[in-house]
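Here is the structure we will look at.
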Amino acid sequence: MAFTSMVSTVPVLFFFFTLLLISANSSSLSHNIKVQEQDKDPFVGFNIGTDVSNLLSPTELVKFLQAQKVNHVRLYDADPELLKALAKTKVRVIISVPNNQLLAIGSSNSTAASWIGRNVVAYYPETLITAISVGDEVLTTVPSSAPLLLPAIESLYNALVASNLHTQIKVSTPHAASIMLDTFPPSQAYFNQTWHSIMVPLLQFLSKTGSPLMMNLYPYYVYMQNKGVVPLDNCLFEPLTPSKEMVDPNTLLHYTNVLDAMVDAAYVSMKNLNVSDVAVLVTESGWPSKGDSKEPYATIDNADTYNSNLIKHVFDRTGTPLHPEMTSSVYIYELFNEDLRAPPVSEASWGLFYGNSTPVYLLHVSGSGTFLANDTTNQTYCIAMDGVDAKTLQAALDWACGPGRSNCSEIQPGESCYQPNNVKGHASFAFNSYYQKEGRASGSCDFKGVAMITTTDPSHGSCIFPGSKKVGNRTQTVVNSTEVAAGEATSRSLSRGFCVTIMILVTFSIL
């Protein structure tokens, strides 16, 4: 999962060049990389974790996936109710063997066969299971289980062969980026030799079976561990001038974003072990929308920017500098905020949606087809969250109607939105007034964590909320303002504070 991807760092060289160098002809580096037949086109999917206090029921969750045009998901287990609910849909599913089941499966062929029978044969093909991820970051999080990894993978594969499902369903295991060393420049990358005894036969297995190398890649952690060296814009897929592009001095290939460099590092690492025909599948990548005081770059703005640009990057099909002919598919971590996860705060804040399906923020993915309907939701509103104490809500309400310059005239005594006369109702109106005034901008519905976005019109009776379709030709009075909440302004200024690139040769650490 996300937190385990920041386990270790190693020193490497990072170059910033002011002049545009002539890129090497990357076509000579291309290889016959194998991709599953049904997934020849790159896609974006989502990880679905279940450490959520108010998660939708399986049936509701599937309806939500269909409404959002999400066609690829990765589960961290093989939940039977969810697999049943996914039957006869177009949603393609990666199911998982949790780390704590590796011992049983890796040491017993019959246990592996039983697992395939219960979790695959019982549902396929009505449920479109495309792959099995065996464990999660086993080499770096539970190294004591490493010797069981390949036996478990092979036992599961043999069980698929026995059921004649081995060509439709692939078997692999997700790795943390920290299994690679010297990842920039990518041309120098290699797998940690500690794991060669496992990686060599694993890669040979992936090559033989046409399965992908699964990698969990997080530019967020690269930035957090290398602040001041790796510019934020490079991590967020933001447009760069040539002087800010990362250049591999060995190949002269230009890298406009960190994720591409990490993917190419994986390809080079495989090539160094004489494997050149295995595709990289990014099984986790994302950016948290909230963090504690030590995580100032975990903001809604940065999460929106990263994930929106990531989606566009995948659907642009431009590949990587090393493999322009090959675009890796990506599973965003994650669909829902897992509010039950242990600290730090960011661990509970990777989701695009809250567990009840209301969006944490709205992605901006225009031009990416029908993917993610939340991008095309024209009518969204900002309301007070349930369960927030009245004192905290009152403070946020006071800011919205004061420094925030929301139009709060409708919640005054005798006006149309005064009833119900309670702080939650008044706060919702004031929050939404501010949100609409700010053009529903990313980050304008937070109020220190007590507000949330909803697609349900909160208008009631004669009380019409700003932005409502019920407004018709009614003119809403708003006050233009460039002010934002103090906390939001601080995080925004900080998040751009490390974007100045000094054109020197430096040594730094990267995942």
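All residue numbers here begin at 1 and follow the chain in the order shown.
Even glycines carry a Cβ here, placed using N, Cα and C.
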Next item on the list: From Asn356, Asn473, name the one Swiss-Prot lists as N-linked glycosylation site.
Entry: Asn473
Next item on the list: Have a look at Swiss-Prot and say which candidate in Cys382, Cys499 forms the disulphide with Cys445.
Entry: Cys382
Check: When the Cα-Cα distance from Asn192 (N-linked glycosylation site) is computed for each of the recorded positions Asn109, Asn274, Glu284, which gives the smallest value?
Finding: Asn274
Next item on the list: Using C-alpha positions only, work out which of the recorded positions Glu137, Glu284, Cys382, Asn407 is nearest to Asn274 (N-linked glycosylation site).
Entry: Glu137
Margin query: Given a 10 Å Cβ-Cβ cut-off, pick out the one of the glycosylation sites Asn109, Asn192, Asn274, Asn407 that has the most other Cβ atoms nearby.
Written below: Asn407
Next item on the list: List the Cα distance (Å, whole number) between Cys445 (disulfide bond) and Asn407 (N-linked glycosylation site).
Entry: 15
Next item on the list: Please report the DSSP secondary structure of Asn407 (N-linked glycosylation site), reduced to three states.
Entry: coil
Notebook entry, point to check: Using C-alpha atoms, which one of the recorded positions Asn109, Glu137, Cys382, Asn407 comes nearest to Glu284 (active site, nucleophile)?
Noted result: Glu137
Item checked: Cys382 (disulfide bond): tally of other CB atoms within 10 A of its CB -> 29
